[in-house]
Amino acid sequence: MGKNVVVLGTQWGDEGKGKIVDLLTQDAQVVVRYQGGHNAGHTLKINGVKTVLRLIPSGMLRPNVTCYIANGVVLSPQALLSEIKELEGNGVNVRERLRISLACPLILPYHIALDKARETHMGKSAIGTTGRGIGPAYEDKVARRALRVGDLFHRDRFANKLTELLDYHNFVLTQYFKQPAVDLESLLDESLQWVEELRPMVCDVSACLHEHRKQGENILFEGAQGVYLDIDHGTYPYVTSSNTCVGSVINGAGFGPRYIDYVLGITKAYTTRVGGGPFPTELLDDVGKRIAERGQEFGAVTGRPRRCGWFDAVLLKRSIELNSISGLCVTKLDVLDGLEVLRIAVAYKDRDGNILSRPPLAADDFNDLLPVYEELPGWQESTADVTLMSDLPANARAYLKRIEEILGIPIDMLSTGPERDSTITLRGPFL
């Protein structure tokens with residue numbers, strides 16, 4: 001009997017999911033993306049070669065893995081075809097192993113135009129989106145007016161829906177945001193190319209996944225972003241437009257909850273965040289700069305610098321509860337090498353001195369909170385590329401053990417560098 005494993009980020013994304021998914025695909029026959037879009041970049045480094053995947057599941061770099069983009073993903077045909085051609089240029093056979101749900105909502109040029117226009121209009125109050133049309137595409141989905149992949153293969157239906165939808169969005173673009181309209185005819189012409197390229201790859205993804213399950217194959221579900229970017233459970237409104245928690249597997253891939261065997265939560269040994277929004281443990285001093293430099297903390301898609309801070313156990317506890325996380329994978333432990341003192345946030349304190357053990361539910365409610373830290377000694381030895389727990393410095397092992405004690409959950413994997421082999425596996429999710 002096969003196992004079904006979910007890998008998701010427990011913080012604000014950028015936790016290193018791509019490398020871990022790629023590593024775990026040695027035991028998987030199927031890898032599935034189930035939410036988000038091409039706003040999330042998963043960075044892989046294999047034999048010194050760096051690859052950034054945005055839409056295509058990380059399992060694509062394993063020759064025997066079938067990859068699915070499920071219905072919970074908002075899909076930009078332009079971005080997908082560009083990514084396919086980039087991988088094919090590097091010798092990866094994509095089209096024979098990639099399948100796309102007919103029910104994926106499409107990201108079209110007017111979504112991108114709206115996204116950028118809104119961010120510009122909001123000025124200093126901007127959310128800090130990637131400007132790739134993700135939010136507006138999900139808005140169309142929820143408003144029940146989205147064009148989906150399946151519509152592309154019915155020309156008259158697609159043209160009629162697009163004409164009506166573009167009238168609406170162009171009105172907003174031109175009249176409210178004072179931006180140029182998106183041209184209907186050029187978009188219709190471009191969509192003809194998408195039809196021919198996508199046709200061999202589309203299917204009913206949910207039905208295919210259940211066939212794989214019945215055949216006893218191992219299935220890996222690859223999450224994008226992180227728990228605190230979830231539209232419902234994140235630091236609203238500084239969130240993404242999709243559900244990033246484990247429940248999104250059920251809706252976003254059509255896969256029943258009782259079939260999930262293991263949930264692996266990915267967390268950095270510290271905390272990072274891109275864009276605006278609350279960040280209780282953020283470091284604005286030389287330590288924060290040092291972590292950012294050593295960790296090369298720049299967004300894989302946007303190149304924007306990431307904000308860096310201490311490990312926040314308050315946030316992690318809630319992530320574990322929300323997602324029934326089975327075990328953790330701690331990444332970038334080596335970035336902390338050489339620090340004299342490490343801190344873990346174990347609670348928050350409000351302006352009246354009250355101690356809070358859980359994070360608030362709205363971004364504004366973080367404003368007056370300060371982290372309550374527990375200090376631990378750092379280590380001077382290198383942890384880079386260590387592959388055995390016993391070879392880690394004593395203080396590094398103590399740091400990890402304390403995280404386990406605070407969170408009440410095991411650390412099953414550790415990443416000590418960007419390469420596949422720079423990993424310590426204590427308990428494999430598929431075992």
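Positions of Cβ are set from backbone N, Cα and C atoms, glycine also.
Annotated features, as they stand in Swiss-Prot:
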ACT_SITE  D14  active site, proton acceptor
ACT_SITE  H42  active site, proton donor
BINDING   13-19, 41-43, R306, 332-334, 415-417  GTP binding site
BINDING   D14, E15, G16, K17, N39, A40, G41, H42, T130, R144, Q225, T240, R304  IMP binding site
BINDING   D14, G41  Mg(2+) binding site
BINDING   A300, V301, T302, G303, R304, P305, R306  substrate binding site
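Secondary structure at T43 (GTP binding site), as computed by DSSP, is strand. The C-beta environment of T416 (GTP binding site), restricted to residues of the same chain at least 6 apart in sequence and closer than 8 Å, consists of L333, D334, T383, A384, D385, V386, T387, S422, T423, I424. K19 (GTP binding site) sits 18 Å from G303 (substrate binding site), taking the CA atoms of both as reference points. Comparing local CB density within 10 A for the binding-site residues G13, G303, P305, the maximum falls on G13. Its own atom aside, the Cβ of N39 (IMP binding site) has 29 Cβ atoms within 10 angstroms in the protein chains shown. In this structure the C-alpha atoms belonging to T43 (GTP binding site) and D14 (active site, proton acceptor) are separated by 9 Å. Each of the binding-site residues K19, R306 was ranked by the number of other C-beta atoms within 10 Å, and first place falls to K19. R306 (substrate binding site) sits 14 Å from G41 (IMP binding site), taking the Cα positions as reference. In the three-state DSSP scheme, R304 (IMP binding site) falls into the coil class. Between the candidate binding-site residues, T43, T130, Q225, the densest Cβ environment within 10 Å is the one around Q225.
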